[in-house]
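Asks: Please read through the structure below; I'll follow up with questions.
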Amino acid sequence: MTLNRRDFIKTSGAAVAAVGILGFPHLAFGAGRKVVVVGGGTGGATAAKYIKLADPSIEVTLIEPNTDYYTCYLSNEVIGGDRKLESIKHGYDGLRAHGIQVVHDSATGIDPDKKLVKTAGGAEFGYDRCVVAPGIELIYDKIEGYSEEAAAKLPHAWKAGEQTAILRKQLEDMADGGTVVIAPPAAPFRCPPGPYERASQVAYYLKAHKPKSKVIILDSSQTFSKQSQFSKGWERLYGFGTENAMIEWHPGPDSAVVKVDGGEMMVETAFGDEFKADVINLIPPQRAGKIAQIAGLTNDAGWCPVDIKTFESSIHKGIHVIGDACIANPMPKSGYSANSQGKVAAAAVVALLKGEEPGTPSYLNTCYSILAPAYGISVAAIYRPNADGSAIESVPDSGGVTPVDAPDWVLEREVQYAYSWYNNIVHDTFG
């Protein structure tokens, strides 16, 4: 039976609330077991919380360098001007209230043999099981002329917070008639629909305040997530495909940005075309966060292979890798995927510490994109292990995508669903 959108929201909402749907065992009070979680983003915070909820006797330590976490999801609304940066900032007091030890330090090494996590501050944390949620590392040097230092002028804004604010200010400072270049990388990367939602939000701001301006997307890929839905929205809102289009899309490997000159504010594509811009939003290629590389958890492509039933590393036993860093195709690298994977890993960790076989999990994802205040679209899916447990597959006839010809009331409702989802997931993760 195909789920309609209302039923899917109900189903996924219930899954967020009900720990048992992800196979958690009943409460078990073990003796002095320790779990160290490295990384306090959506995946890591979720895993830490749900391990502690499932078995309060487990000593859970979360190691995260930042005292506040800014969600990438809904950060594009900050760039578009309809949301304040503070609204996507979240702290860790909620996790502390559950009895989790939160250590604000950077993990610098993991010894899988001695079962130790080392930090920049010189501390060592022993563990029985370790969960690594390192997020992504941006590979700046894949683009000639780009670097972490250059990102202060040529923001990626693919890690929310300061970078989000930089990009927003540049748009505010730009004169009417200016050009904004957005350059997404080739897949895989964090939040596949993100660059196109960003283009929409930038166009929304420019249409209202700087209507002579233009957004140019220089895309490494030929296709993108929710492409038909985005294209329809761009046509309706921003004149896409017309002579007066506010958004231009240049697809394919030849359009990939390979060189940037921050002084001249110029980018060059693989084909050799040059584009001068007033604002350059350059999103570089990505790989698993640095600690995953240091710990030897990555493959040659820079991502972390895992057992999809437990998210235990295929390289180092006793270490589970979740979120953007892990290989969990066809699940996208998204906040909701990280939350879902955090719960699956938590259930597996608790079971394994009891000497039990973890249950068979299911996984959820929904990605909302807001093109304008009353124009939202989404894609949703339920996933499960395949027959032999070697890979993740989509459950047939589950989830769905916003119809291309959806009426206005549906598009407006999607925005409200997005806000409700956001409030629920941040409470579920950090509350």
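Quick reminder: no glycine exception, Cβ is built from N, Cα and C everywhere.
Per Swiss-Prot, signal peptide is recorded for 1-30, and the stated evidence type is experimental evidence. Taken from Swiss-Prot, the feature FAD binding site covers Tyr70, Thr71, Cys72, Tyr73, Leu74, Ser75, Asn76. Summarising the annotation, Swiss-Prot assigns disulfide bond to Cys191-Cys367.
For each listed feature, how buried is it and what is near it?
Replies: The DSSP secondary structure for Tyr73 (FAD binding site) is coil. In the structure as shown, the Cβ atom of Tyr73 (FAD binding site) sits within 10 Å of 22 other Cβ atoms.
Same-chain residues at least 6 positions away in sequence with a Cβ under 8 Å from that of Cys191 (disulfide bond) are, in sequence order, Cys72, Tyr73, Pro332, Lys333, Ser334, Gly335, Cys367.
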Asks: Pick the one among the binding-site residues Thr71, Ser75, Asn76 whose Cβ has the fewest other Cβ atoms within 10 Å in this structure.
Replies: Thr71
Asks: List the same-chain residues at least 6 positions away in sequence whose Cβ sits under 8 Å from the Cβ of Tyr70 (FAD binding site), in sequence order, or say none.
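Replies: For Tyr70 (FAD binding site), the qualifying residues are Leu85, Ile88, Lys89, His90, Ala160, Gly161, Thr164.
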Asks: So around the FAD site, Tyr70, Thr71, Cys72, Tyr73, Leu74, Ser75, Asn76 aside, which residues have their CB within 8 A of the centroid of those CB atoms?
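Replies: Output for this site, in sequence order: Glu77, Val78, Ile88, Ala160, Thr164, Gly335.
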Asks: Validating a neighbour-count step here. Other CB atoms within 10 A of the CB of Leu74 (FAD binding site): how many?
Replies: 22
Asks: Across all the protein chains here, work out how many other Cβ atoms are within 10 Å of the Cβ of Cys367 (disulfide bond).
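Replies: Excluding its own Cβ, the number within 10 Å is 25.
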Asks: Give me the count of other Cβ atoms within 10 A of the Cβ belonging to Cys72 (FAD binding site).
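Replies: Other Cβ atoms within 10 Å of Cys72 (FAD binding site): 23.
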